[in-house]
Amino acid sequence: MLQLTNITAFSSDRLFQVAAMKVLKTRGCLGPNVYPAVPDGGWGWVVAAAFFLVEASTYGVVKTLGIFLQDLMEEFGESNSRVSWVISICAFIMTFTAPLATMLSNRFGFRPVVMMGGFLTCLGTISSAFTSSIKEMYITIGVISGFGYCLSFLPTVTILAQYFCRRRSLVTAVASSGESFAVFAFAPVFSRLKEDIGWRYCLVIMGVIQASIISCGLLLRPIVIETLKDAESEADAVAQSDYELENEQTCTSVDSALPSSEKEGSFLPDSEAGPLKPRSPKLLDFSVLRDGAFIWYSLFGLFATLGFFAPQLYITELSKSRGVPVTASSCMLSVMAVAEIVGRLSIGVVLNRARCRKTLVVLGCVVLLCLVLVAFAVVWEFWGLAVCCALYGFFLGTVASTHIPLLAEEDVVGIQKMPSCVGVYVFIQSFAGLAGPPLGGVLVDVTKNYGAAFYSCAAGMGLSAVCLALVGVAKSRMCQRRSRREQKDEEQEEKLSRCSDDSDFLELDFGPRGGPAPGLRDPSVN
């Protein structure tokens, strides 16, 4: 009986060890990556590949939904404007819920939020294939999929910026080209496929493709930067805890074994003497609204968004109104997509080698983009429109792929504040995303000219250029105020140190009151 008990105990211990080893391996596989410095690679390449797929499954699909507009109008008997609200609501929800996505990411982590976003995206797209009215699609694609897009995209681009420093601009630009590749591939494929199986089955296939976002979320391992000094501090803390455990039997501790002078100065809180623990970011940081540089940069994003969606919506009709054949008009979006890929790759290389402020490089691209939007309204032939589409796609790629990652630069808010500020920034953009296409439609209805929509986009892009130029001015003023404040504090500390030095050299007279000074003889005494 005793032998059987020993065998049972040994087996249970062995099973416990095996289970513990499995838990450790799971934690090592799914836990955070610890680096002594920003790796500029490593697991970051896997995160970049995941971001490429997320871009293709979110923004790439949203820009491809336009090929189903005519089918939806015929299926539900609705007008063009009412059907277009499906995409407008989706774009609005995708940006308006950005603060909520930031809060959830900071509370629960990037991985579960992105996986939930992938599930909602897949659910909304597949359920849209079974709708019976356009109002139901407002809910399925507009609200459910739109919210899923936000939960998928925003955390992925945020954690990608944390894995890279020197190569951040290049990697983000290359990974964000997944959107353009998706538009280039999905548009002709699903245009041909819907003729064979119908638009409903095409939406089901899209939803299945978007389910890949869930697997991409699994790859988003958190990153922890731990320097050598932090590791030594943690080792000291472990040694201290071990010493306390050894002295439990003698009812002593480290505190009782040390002198009072060492007790007061040696063991400080973690913020003063312990390792630099990774601080959990604020759920949502609205304090940046007091930062002038961030305010101007947010206004830049607000006005620039006016020119992000309307040109793709009206370029086909503009080409038809200028006498371009229907078959050639449909090629304009493909020209934009190819040029946008080139623009995204080019701006990544340029910003990676830039020696000046990166915001100045993007400012030049915004100014040129504004001029191209004006050119759309004055050209009339096929080749003129094709050149404008190529230039617009190129410069759109340079701006669209960098405006969010630039938040991580010290010229704006910095990498430390980016996880909490990106939600506020995208939230401000949401209003322009909702108002941009309808504003262009009103101008077209009033003027009976599709070129008027491009004038409104050019006006918004021009205002965004002015706001982006003021970001550097606001940042310089803030740095000057900070340096003057630090200089003033140093002067006050220097005055206090001088006063303390003077008090150390006060001459004290220890002679008897009313008597002669010590060491001097009274002349009246012989």
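Placement of Cβ uses the backbone N, Cα and C atoms for every residue, glycine included.
All TrEMBL annotations are machine predictions without curation.
According to TrEMBL, the protein has these features:
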- 43-62: transmembrane segment (TRANSMEM)
- 44-477: domain 'Major facilitator superfamily (MFS) profile' (DOMAIN)
- 82-101: transmembrane segment (TRANSMEM)
- 113-131: transmembrane segment (TRANSMEM)
- 137-163: transmembrane segment (TRANSMEM)
- 197-220: transmembrane segment (TRANSMEM)
- 256-275: region 'Disordered' (REGION)
- 294-314: transmembrane segment (TRANSMEM)
- 326-347: transmembrane segment (TRANSMEM)
- 359-378: transmembrane segment (TRANSMEM)
- 384-408: transmembrane segment (TRANSMEM)
- 420-440: transmembrane segment (TRANSMEM)
- 452-474: transmembrane segment (TRANSMEM)
- 482-526: region 'Disordered' (REGION)
Paired segments the transmembrane segment (43-62) and the transmembrane segment (137-163) in contact, 3+ CB pairs under 8 A: yes
Distal contacts, the transmembrane segment (197-220) - CB-CB under 8 A, six or more residues away: 46-47, 49-51, 53-54, 57-58, 61, 68, 71-72, 75, 110-115, 117-119, 121-126, 128-130, 152, 155-156, 159, 186, 190
Chain residues outside the transmembrane segment (326-347) and at least six past its termini with a C-beta under 8 angstroms from it: 169, 173-174, 176-177, 180-181, 183-184, 187-188, 311-312, 315-316, 319-320, 361-362, 365, 382, 385-386, 389-398, 400-402
Listed stretch, out of 82-101, 137-163, 384-408, 452-474, that has the most CB pairs under 8 angstroms to the transmembrane segment (294-314): 452-474
Spatial neighbours of the transmembrane segment (384-408) far in sequence, C-beta under 8 Å, 6+ residues away: 157, 161, 168-169, 172-173, 176-177, 180, 297, 300-301, 304, 307-308, 311, 315, 318-319, 322, 324, 331-332, 335-344, 346-348, 351, 358-359, 362, 365-366, 368-369, 372-373, 375-376, 414-415, 418, 421-422, 425-426
PLDDT averaged over every residue in the domain 'Major facilitator superfamily (MFS) profile' (44-477): 79
Long-range environment of the transmembrane segment (137-163) - Cβ separation under 8 angstroms, sequence gap at least 6: 38-44, 47-48, 50-51, 54-55, 57-59, 62, 65, 72, 85-86, 89-95, 97-98, 100-102, 104-105, 110, 113-114, 116-125, 127-128, 131, 171-172, 175-176, 213, 216-217, 220, 222-223, 404-405, 408, 415, 418-419, 422-423, 426
